[in-house]
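What TrEMBL records for this protein:
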COMPBIAS  568-588  compositional bias 'Polar residues'
DISULFID  CYS139-CYS157  disulfide bond
DISULFID  CYS151-CYS166  disulfide bond
DOMAIN    169-515  domain 'MACPF'
REGION    568-599  region 'Disordered'
Amino acid sequence: MFAIDYPHCFKTMSETSLLSLLCPARLFLIYGIISSLNLHCSSGEVELSFQLNGADVNVAKERWRRSPNNPPEQIDCTLSSWSSWSMCDPCQKKRYRFSRVEQPSQFGGDRCDYADKETEDCVASRPCRNTVRCEGFVCETGRCIHRRLLCNGDNDCGDQSDEKNCKKVFKRCSQPIEQYWGIQMLASGLNIFTNHLEGLVLDHKYYAGACSPQNIAGTNFRKPFNVESYLAETKGTYEFTSTEYESYSSFEHSVDSAKSKQESFSVGLKIPGVFHFGYSQDDTRYKRFVQRTKRFSSTSSKFIHARSDLEIAQYKLKKQNPMLHYEFFQRVLQLPLEYSYGEYRELFRDYGTHYITEATLGGIYEFTLIMNSDALQKAGYSLSDVRSCTQAGLNLGANIEGVYVSLGISGGACNALLKEIGDNTSEKKFVEDFIALVRGGASEYIATLAAKELPTPELMQKWGDAVQYNPEIIQMKVEPLYELVTSATFANANTLKQNMRRALEEFQQESSSCRCTPCQGNGRPFLKGTHCECICPLGHRGLACEETLRTGTAIDGNWSCWSSWSPASGGKQTRTRECNNPSAQNGGKQCPGLNIERI
């Protein structure tokens, strides 16, 4: 473990403009170890990998062949028939209908690239009652604010309508004050099924007229109305935690499965406790990680996974009636009161399914080291020896001579092993593959050194400095989006909330990759919009992973979709699933988890 001080890290945003130029704009983020997170800055997430295994070079000379089940038949996307038209909504003066994806496209089949919802104008027979009485000023956005917020220099309405026609502006904050790092990211909605941050659901630029400066290492930050607390750390400690795995099966179950565990949430989709933010399955880094690790699924290779989390801030949202972003507020107002799944589904697509209530911001450096079991055994080394050498390399750099003599492995042997990490010029004896991933900060600080060897304390210090200004969400607590719909803001809150809850259950079913046809060769299917794709292990290729250099590949079992919930009996409901999508074959492992769920 090594510690570093950060007082010099806390600078104004203008001082970091050069750093920000290094970070191209991107969508955001956060699913588990090698994770979505298509979040904010892609240069803050870097994969460093090295092809090491000579066996793959030799086998590449063989002829690629298709499995007996190939080629796969194209599967075209099909939509359901249109639903019936809804009643005419009295507020929107529209009626609605929708369709669902019954079968996603796969293996090159035609996609459903056309509308799955329709609206048309109509004449309502009922009056519209969707406004909450406002005792103050009604913004052009529909937001209700106190009149004391007019002409104060802040954008309290969201569209500056509170600052129009001002004869004089009375600013509460006389000096420029910075925004908290990553604060707008925390205002975004999260789609837990894709692990993407979507549109803004909270207004973290609303201050309710308060200046509320918070001084962090000499810089003043303005606390938004929605924020209960934002506690910044001015000192970070790097400590790598490493775990050894004797087989691919144990590695995948412990590490890789953490990236795809969000598909089994229960009714209401409330997520208890801390939710670790990772990558989405359509993220390039995630695909590459699966490809690189799954090729060892039928080998005796051993795995070491190490990870270091740098926490720079703790965020907590105010519990009671946070100010909604005006665009999200307007979208909820436009929802029909009579349930029409298509309109509510569109809200989840644009704004996610959940919002963030608490979060830890910072950066993550992690790597997976894949070792040749036979070579280790012949040399008389255990996986624990390798782990000790790796830990020494992380903490001490190259000065490890004699450190592990008492363990039966010399410093010279440690150096020989560590030298193989990142060395592409010589034949490898022990190290079959090394995959490193960084989230947060600026990429150049990691890429320069990690491409050659394990990171040094000096390199981690530089990376940590950059993490302060470009943090990622490491972990968080979330609540379903419908919890933001309250009677204080919406006149028909109960109806809207019930509809959103119902739609969320349907959206989960429609978004699940269990609807995809199984891939071949132990490939992993994932649903992207209305079509399914396969992530193929190295050694397999093709739309269904049907072309391979190998025979007798072990096929792991995968779950079917959950059944519908049973009718309530004795205050209980159940649903089931089967491990047949596909079933385990050729010695592959069974599906993890339970096949029945009760609530």
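A Cβ is built for glycine as well, from the same backbone N, Cα and C atoms used for every other residue.
Positions of TrEMBL features highlighted on the structure.
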| residue | record | CB count, 10 Å |
| --- | --- | --- |
| CYS139 | disulfide bond | 19 |
| CYS151 | disulfide bond | 17 |
| CYS157 | disulfide bond | 24 |
| CYS166 | disulfide bond | 12 |
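A coil conformation is recorded for CYS157 (disulfide bond) in the three-state DSSP classification, outside any helix or strand. The average pLDDT the prediction assigns to the domain 'MACPF' (169-515) is 80. Across the structure, CYS166 (disulfide bond) and CYS157 (disulfide bond) place their CA atoms 14 angstrom apart. Each residue contributes its Cα atom, and for CYS139 (disulfide bond) and CYS151 (disulfide bond) those atoms are 13 Å apart. Between the CA atoms of CYS157 (disulfide bond) and CYS151 (disulfide bond) there is a gap of 11 Å. For the recorded site, CYS166 (disulfide bond), the DSSP three-state label reads coil.
Taken through DSSP, the region 'Disordered' (568-599) splits into 0 helix, 9 strand, 23 coil.
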